[in-house]
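Before I ask anything, here is the structure I am working with.
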């Protein structure tokens with residue numbers, strides 16, 4: 001994968017740079033940002049352009065608006081950027097309209113213009129070339145620092161790159177870091193290499209499991225997806241979530257792991273309840289004792305001990321997907337315990353974005369991880385071995 005870094009660009013004072021960021025941050029009901037990690041991760045690239053005395057234009061989406069909708073405005077992001085960078089952020093009232101153009105014309109070196117939510121324009125998600133061309137007029141240089149949307153062929157990620165030659169487009173520091181940890185480690189991990197795969201559905205992680213199997217030495221399968229595997233082994237799992245149409249696939253994965261000499265671990269006990277409810281009664285049972293009308297909602301203490309032993313001597317860990325319904329405290333213990341055990345490991349620890357990143361934050365072990373991806377869907381597609389359109393568009397030789 002041959003991709004230009006922002007450091008390879010010949011940036012001169014006064015040059016304009018359009019940076020595609022990923023400011024898709026969670027907001028509470030009052031429009032306050034509840035987690036600004038994605039904004040903070042974009043700062044090194046923005047600061048690099050400031051140090052080079054460039055005129056900076058930032059573009060991002062937020063949520064999935066259908067046309068203009070004030071609650072998806074990037075104004076809270078402008079406010080947070082102002083706090084973090086300690087400088088004024090010029091906020092455009094539109095994306096490629098009169099206000100954005102007028103403000104861009106007046107932009108001075110060292111100033112930052114933030115465009116309004118890119119998805120207010122229907123052309124963004126359609127990868128529309130006309131819209132991409134309008135966006136490209138906001139920068140002599142184009143930098144993609146939005147790993148979280150690089151798996152989508154959208155106008156600000158893919159089509160826009162057609163308007164820049166090889167010397168005028170590059171990856172920002174965050175995108176390069178994501179590629180380094182997720183892509184390069186998969187290619188050449190320090191062994192023993194373990195993958196921890198959780199979450200609710202096998203269907204969502206099937207591609208990743210198939211791609212990881214030939215690469216890993218150990219594999220932990222947890223979360224609700226474990227029940228499809230237990231059923232494939234002939235066990236009854238009560239009312240737990242099972243994808244019956246994937247039982248054959250689960251059998252294939254179990255056989256392939258055996259043939260490849262991969263040590264595969266499944267939970268041996270669960271926290272079960274009659275329904276998914278914070279007030280439901282719970283009990284701990286082994287995997288052979290799940291009552292007919294109850295469902296497993298977290299892994300039990302014997303499973304966390306087993307997984308802790310499995311972590312012994314491992315040198316590289318990739319984790320994607322929680323072990324239970326960690327959003328509800330009584331079903332979060334297994335995931336949090338495992339997060340603590342992973343934190344104590346001396347291995348290189350890479351966390352896929354999305355739910356797993358939220359879990360690591362809830363467990364309070366963010367600083368103990370080597371790298372936490374900012375993209376849930378994008379990191380999963382890399383684990384599946386797929387090419388991401390936004391990264392492919394930056395490869396030297398791509399037109």
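Note: Cβ is positioned from N, Cα and C throughout, glycine not excepted.
Since this is a predicted model, take the numbers as computed values, not measurements.
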Of the candidates 152, 162, which does Swiss-Prot annotate as part of the substrate site that also includes 22, 23, 24, 38, 61, 62, 63, 64, 119?
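Substrate site check in Swiss-Prot: besides 22, 23, 24, 38, 61, 62, 63, 64, 119, the record includes 152 out of 152, 162.
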Residues with Cβ closer than 8 Å to the Cβ of residue 296 (ATP binding site), same chain and 6+ apart in sequence?
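Looking at Cβ-Cβ distances below 8 Å from residue 296 (ATP binding site), excluding near sequence neighbours, one finds 224, 226, 227, 237, 238, 240, 267, 270, 271, 272, 290.
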How far is it from residue 356 (ATP binding site) to residue 119 (substrate binding site), counting Cα to Cα, in Å?
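If we compare the Cα positions of residue 356 (ATP binding site) and residue 119 (substrate binding site), the gap is 26 Å.
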Please report the number of other Cβ atoms within 10 Å of the Cβ of residue 61 (substrate binding site).
27
For residue 119 (substrate binding site), what is the tally of other C-beta atoms lying within 10 angstroms of its C-beta?
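Step by step: centre on the Cβ of residue 119 (substrate binding site), count other Cβ atoms within 10 Å, giving 24.
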